[in-house]
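The next block holds one structure in the form of structure tokens; read it before the comments.
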């Protein structure tokens, strides 16, 4: 639309005066923002040498432009207070008839534009994105002014877009027509003194009066009081249904001038300003930033690109400034002129170079630092100093008032009042959903404070630390409230920033601090501290730092348990030369003087742990875990139905997503780490935004059975997602994430497909199936390229061959497949088998993964181990032990330096590939015997090579090692005199060996099945054995004479000698019976039908009067040894009762069940005395980490020790746990206890021997 003639004539008529008075640079800022002129036009005018030349060029440009430009110029004059010049142009403002707007369906009609232009309301910026929700909130509040005057306050921090939102909210036909037919009048205020405020109001009054049809204008008001009265008259009498918009109000005294009983919309950074005025009040808070998509839209509009075409730096810019409209617009305007500077401006933003991010605009401040500074300068001096202290806060951290009460040494109530002032001035934000309230800074506010106070930062952090030390000089906070959490989390950060190295050393090299922080926050933040501040700590003592970090990394999964374990007890298992152990030993000795129980692990050399980090992310089996492509994060999923992402350095949780309705079977990062895919037994495939934990895509229609595996392509060049499932034939699919359905289905397998994997160059997809085959498909066409028949590698077997997975070598020339107990390496081109790695038939390969940077191959096994193999040398390079159940997945980090493994034992373990090695450690079997002889302890047990070993318990030195036996050794016992050891085997053979020579003293044949238990008589001349063959044999072992005790119908797992002269024997069996025998004659003296279910344990009271039996029928029974009658049936256990033990005074009985519960009974009347159990089940779904397998009382009957998943000591009187020892493994079978209750020996399920001694 061309410029109207009247407007053109007006410009020509007043051209000279305009050229004399105006400053074009200020006016052009407004016009560019309004869209009245382009940036290019602005730059051409700026090239003129003088101000007057620039003014002339501007007028010349306006004469060539349209009505919109004229109106924009007029509004710029009003906003820059050229009121006299604006009056000259106002008479000839282009007008549009009222009829035009009524035919328009758009809320922002021509009529609306005219009304707003006449009132000086800024037009939309050249680059504008809708914030509909906020605009609608403001309009909703404005509609409340339809009948009565009042105030609507739009408040928010600097640069949040308040003015644009206020202008946009009145750009609405219905709102103006129904509520404000008298017009909309905009007045920009800012920080003004009284004379300048008077000039502003004079201008407004003149504008209002000039619009009336009065012949004579009043003289301008000469004082603020007169101006207020003039404004009151105009707004009440002449413009009774109009809206006055006051933009950028700073001072409540300014508002009082406008308190004239009219309708006002104001924008401010201080939400409390309207407290000083009368009338109804509403408010709308403007959030500090645009969401990511809106921010990208702004940048796209400035640079004339599509949002999806923006470079990655665009997203980083929006995230870095938290979507601040001001910052995004400033950078967008800069990029419009310099489109190749994305990385540069991102760098400036990251380096907090706010002064360099400036661009002329309609905003009052042309750089971010000016806008921030203006907000702070209006604070009282003493509050400005307090606000400076907030420089020390971390980004995105919310802080309670009590922390600042410590920092400022003020009463909490006084601090809350100060913080309320900061919040009201939009200098601080409050999270009122928490009680107590939590306060936080916007990132830009914090960045500004850091930049402003850079030279004082160290001192500010020092103040924070010293104030903490003064306040908590007696003891650190342990309450667990928000204040406590802040100090525990950030004290180390403040010390490091304050350069208080000695204080940091003292804190972080303290076992007390480790215990407090781990209990309150968990182990991951602690580990993170040692990683983050390692360079500082290493200057003091790198070895000690390493010892503390290793202690936490390998015991982190224990420190996540509740109730919280005793850190001192955990630390007593550390090497004797460790500072962690030294502190623990001193504390244990000190506390032992108050009868606190601690136990030192004497034989530490027997335990070797090669893991770098152990994480316990889920309650339930873990099925999948994977590294991000930058190696900094790990994602895991499993039976808990959740997806978790955590730091690979410390295990600190970053994200947790309730991902599926059923078990999550696999997770995978996209090549740029922005996406995560999951698949599940619920038949769905989901794609998530990895950083925001937001669901982006769900594919739920095409897979009809559980989806076993998912994987992205290795590059983003053509991003695809592959999935495979248990479907009959449509079991392999490729997905383009931009499409709602699969891009391709790959046909060929007719049985479930367990795994799919892209070749390194993404040309091929390999699939592994239950049909015993691996197929290679061309990704581009989805056609089958070739089939590798893995089943043919097991031609001698009729069993089915399930191919678990496949993995490609880094060069893409070889593919490696796992099936049954073997791994095969094939040449991709020829399909020839190049290498076979076969393991024990007792263990199955669960998964394998080839290192992307070397010839290493990681193999996961069902026997709880991980092995590393060198494919070139065809040699095992390392054993990675420590898992307590099947290992489900292994994966190398992208650089090959680390390996992760995940397991049904609910842990993820990380290993450093250069530090792991083949283990020389010998694993012992749990069936063992121990002799205590003063300070000496002798242990006998079979090893993993099926050799019998007799060891010195303290030193671990081997006293005797038999040759490897053909038949598995199942039981053993030691004899003090003569010095001998017995072993019983699965083939029924019993052998007696001399200790320490190993000479075979006797080979006893007779049992036809596994020998389950063996025991010497007190004099060592008689050996008794029991077997799966249902018999018991009494041997005069030196002569070979044998009596066979027959009568049981099922296996006899154990027996007990009744009389001091060993002449009577009590045996029990899975057949539910107890039998009493005369060992001399072999006669059966008693045959008792004791239980309906299998008898699992039996014990004779020390006084010989009673014995007890426990059973799978969930009961325990007391029996009289004279009458052989049942005297009591003890009912209450909810699971199989597996163990029992009388106290030494025969007054109490302890029983333990498969649910981990221990009950203490009175022998006299059978009453239940106590239940020893934890409040809730642990991660192994038991009260004791497993079955309670063994129980022993102390000689004074005050203590009880029990074994299950771990060892626990109890106070008998209270039934309370006193101490817990966590072995590396679990599933302890029995514990051997010295007569003075000071030494305890056991072996866990991964073969580690533990010899514990009570600390005194």
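Any Cβ shown, glycine's included, is placed from N, Cα and C.
Taken verbatim from TrEMBL:
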- 3-92: domain 'CARD' (DOMAIN)
- 657-698: repeat 'WD' (REPEAT)
- 746-787: repeat 'WD' (REPEAT)
- 880-921: repeat 'WD' (REPEAT)
- 1004-1045: repeat 'WD' (REPEAT)
- 1045-1087: repeat 'WD' (REPEAT)
- 1088-1129: repeat 'WD' (REPEAT)
- 1130-1171: repeat 'WD' (REPEAT)
Positions on the same chain near the repeat 'WD' (657-698), where near means CB under 8 A and six or more residues out: 623-630, 633, 635-645, 704-716, 719, 721, 723, 725, 735, 737
Mean of pLDDT values spanning the repeat 'WD' (1130-1171): 96
Cβ contacts under 8 Å made by the repeat 'WD' (1088-1129) with residues that lie 6+ beyond its boundaries: 1050, 1054, 1056, 1058-1059, 1066, 1068-1076, 1135-1142, 1144-1146, 1149, 1151, 1153, 1161, 1163, 1166
DSSP helix/strand/coil residue counts for the domain 'CARD' (3-92): 70 helix, 1 strand, 19 coil
Helix, strand and coil totals (DSSP H, G, I; E, B; other) for the repeat 'WD' (1004-1045): 0 helix, 22 strand, 20 coil
